[in-house]
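The structure appears below as structure tokens.
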Amino acid sequence: MTESVELMNKYGEPLRYDRNFTGPRQRDRSCTDVPCLLLFVLFLGGWAFIAQYAIRNGDLNKLLVPTDSFNRKCGMDSGVLNKKNLFFFDLNQCIDPLVPITGCDTPQVCVETCPRETFVWDTMKDKQSFAELHSRLICLSEEHKAQIRTKSDIQDAINQNQCARWYIKSAPFLKRCLFEFSQGVCDYIPSFLLNGGRSRRELHMLPGNATTEVQMQADVMYQKMTDAQALVVPQANGKQTPVDEEPIIQCKRRLNEAVIKEKMMQTDTRLAKLVGNMVAHFYNGTNDAQLLGEKIVEDLVNSWSIVLVACFCTLVASLIYIALMRWLSAPILWFSIFGVLIGLLVGIYFSVKQYIHWENTPTVPVHGLNLHSTVKNVLQNQNTWLYLSIFVGVCFVVILLLVIVLRKRIRIAIALTKEGSKAVSSVISTVFFPIFSWILFIAAIAFAIGVGLYLGSIGDPSFRMVRQLTKSGEVTTEDCVCEGPAINYTVGGSCKPEVFQQYCSVRLTSFFQNRNPCLNTTCSFDSINNPIEIKWAIFYNVFGFLWLSFFISAFSYMVLASTFARWYWTFKKRDVPYFTLTRAFFQTAVYHLGTVAFGSLILAIVRLIRLVLEYIHEKLKKYDNAVTRAILCCMRCFFWLLETFLKFLNRNAYIMCAIHGKNFCSSAADSFNLIMRNFLRVVTLDQVTDFLFFLSKLLLTAGAGASTYYFLDNNPSIIRLNYIAVPTTVVVIAAFLITSVFFGVYSTAVDTLFLCFLEDCERNDGSPEKPFFMSKQLMKILGKKNNLPPRQRRGK
């Protein structure tokens, strides 16, 4: 009792009854935190001004300038000043979804213009003269091309990847030379090049890798494609007979699009290699890792339909789970708890059984460097199962003790969860409201990235004199001498490409003035020197994204809080209006955007401080100073705790603002005092409900994963897989994300109803003048009841 009085004196008196109080339904609301809203609007106006300035003065071409195999920026670096386009020796290697991440594994060279004709060495070498062939060659450098004297030299240069084996009429796109196909060309390309199901071996049978097996087909292709290149616009005269009788629909739409789709469906791609490289970090045996990566990607490609169906079923199951919780909240939540406990018991039994089996069954370890051998050794080791059984047993005991100790609080949590399920089911549109937030988030991210890129392109480019690296990673050595205006140029120093190209060269002899251009030393693009005002604009853009993203999240939260509070403070639930979410949306948008802007501004400032600390931490990593590391660690920890606390405070402030319509500071103070006056209830019930929601998500996720695994394991004829665990893992991850969205709405509902419940307990006493708004179940658990005349009673 003394403790309650102390809390009451410290955090204010309990709320008093107000007969005019109607919660979010009150009509005498006024706009809150208007100055902060005006500040936010002005800030957005400044952001828009920066955006238009960046778009008008920025040039994304500076950031999208292609780089050749020698790390020279086409059209910018010395030696390639007049060569602004990038040519790929084998464009087939570049049509891959992961090329932006992994790069294009083919020689690339800067050219003045993209090739305007087709060249196929394997077909043309015996049909044209050396001079004609030499004129069509595209090589790594003009020096390589100048050293070619015969057709044999051409063959050697092509075999050594110094010159392109083949190319097709191309056009520049973002300064990259891409194939220029017209629809007429599609009629003349053999089907073996466009068959959607062709294998990797068939891919290597392109003109650039022609073999004896396809020499005849390559001849036909060259002849037909040479004739077809002129068909930029289909001719009006008689149509020639195509190579294939059936039309190639994908090619008709667009050949490049068809090739990209096909490449995305191939399994032996860079994605497989990337997965294989990731796996290779965990065990020895690179070849096996690459094979495993190929199989994993193959399973992902083949099982995408199963994954989508499983995700849809998870979504439906979550909705059914929500609907059932409205009437069967207690059984379902207890089932979730006991389901996890039973699952842990089964895990203990299986682990102990496996431990006893392998303890009594001596085995010889399989000596191998592949993954299969490693996994087999681990599973046949009795200690593995011993440690696993101990871990699962500890988890079982901890969860069981928590359930026993918190069983009384769990009853109240179940009642609150039931209230939340009623509220969500009553306004089912709240479940899909997060989609609105996602759309706004995506738009904010796209806008911030776009503005950032344009801002980053404003400024003068800086160049440095560098030496190229060999294939083995060693620095090249070259006697590159500069004179005249470039006499002070040094490796690593700044330079100008035009001056470098004119006054820097390799001295062949010390007695004669014979010089050649520097090949292994270049004046290369280093970075763009942004003016100081542009750097501040970039900082403004980063803060703008933080503020806007927190604003979107806060707005969404307040709309949901207003919806659920409106439901709670409606005495007769059948009187809840149909468009509750819509009314809450417009009420928040009209009256409380200033409060949303205020709360999001506070979080944005704290997050910006955290980002600055992370930046300082990265910069100071090279200085091994224990004191600096300790200070930074303490500051990072402090601001992380501060942001976590402010998020908690903001959420409750938004709820109180949605209920009472007060400004941010008043709402934050009221919610904080209300929580502190009921501190034990808040801590216990909040944690219990979070725990129950986590168990429910775990149950749905485990059910989705187990169902997927069981279906695939018992129906092998439906889909052919190497590892059933691959699609199962994807389904588990997707299911957890889906359930997190649904239970995120639930969490908002419970948080809102809980504050309403606490206020209801303080404001009302159950008399006819001051009836409780809580459900009968909650009143029964708390030992309270409404003393109402029969005609004033309501059904719960």
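A Cβ is built for glycine as well, from the same backbone N, Cα and C atoms used for every other residue.
Worth saying up front: this structure is predicted, and the values here are computed from it rather than measured.
Quick look at what Swiss-Prot annotates:
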type	residues	note
CARBOHYD	Asn20	N-linked glycosylation site
CARBOHYD	Asn209	N-linked glycosylation site
CARBOHYD	Asn284	N-linked glycosylation site
CARBOHYD	Asn488	N-linked glycosylation site
CARBOHYD	Asn520	N-linked glycosylation site
TRANSMEM	35-55	transmembrane segment
TRANSMEM	304-324	transmembrane segment
TRANSMEM	332-352	transmembrane segment
TRANSMEM	386-406	transmembrane segment
TRANSMEM	431-451	transmembrane segment
TRANSMEM	542-562	transmembrane segment
TRANSMEM	585-605	transmembrane segment
TRANSMEM	626-648	transmembrane segment
TRANSMEM	691-711	transmembrane segment
TRANSMEM	724-744	transmembrane segment
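Here the CA atom of Asn488 (N-linked glycosylation site) lies 19 Å from the CA atom of Asn520 (N-linked glycosylation site). Using a Cβ-Cβ cut-off under 8 Å and counting only residues 6 or more beyond its ends in the same chain, the transmembrane segment (626-648) has close neighbours at 602-603, 606-607, 609-610, 613-614, 616-617, 620.
Within the same chain, residues 447, 450-451, 454-455, 458, 537, 540-541, 544, 547-548, 551, 593-595, 597-598, 601, 664 sit at least 6 positions outside the transmembrane segment (35-55) and bring their C-beta atoms closer than 8 Å to a C-beta of that stretch.
Cβ neighbour count within 10 Å across all protein chains ranks Asn520 highest among the glycosylation sites Asn488, Asn520. 386-406 is the stretch from 304-324, 386-406, 691-711, 724-744 with the greatest number of Cβ pairs below 8 Å to the transmembrane segment (332-352).
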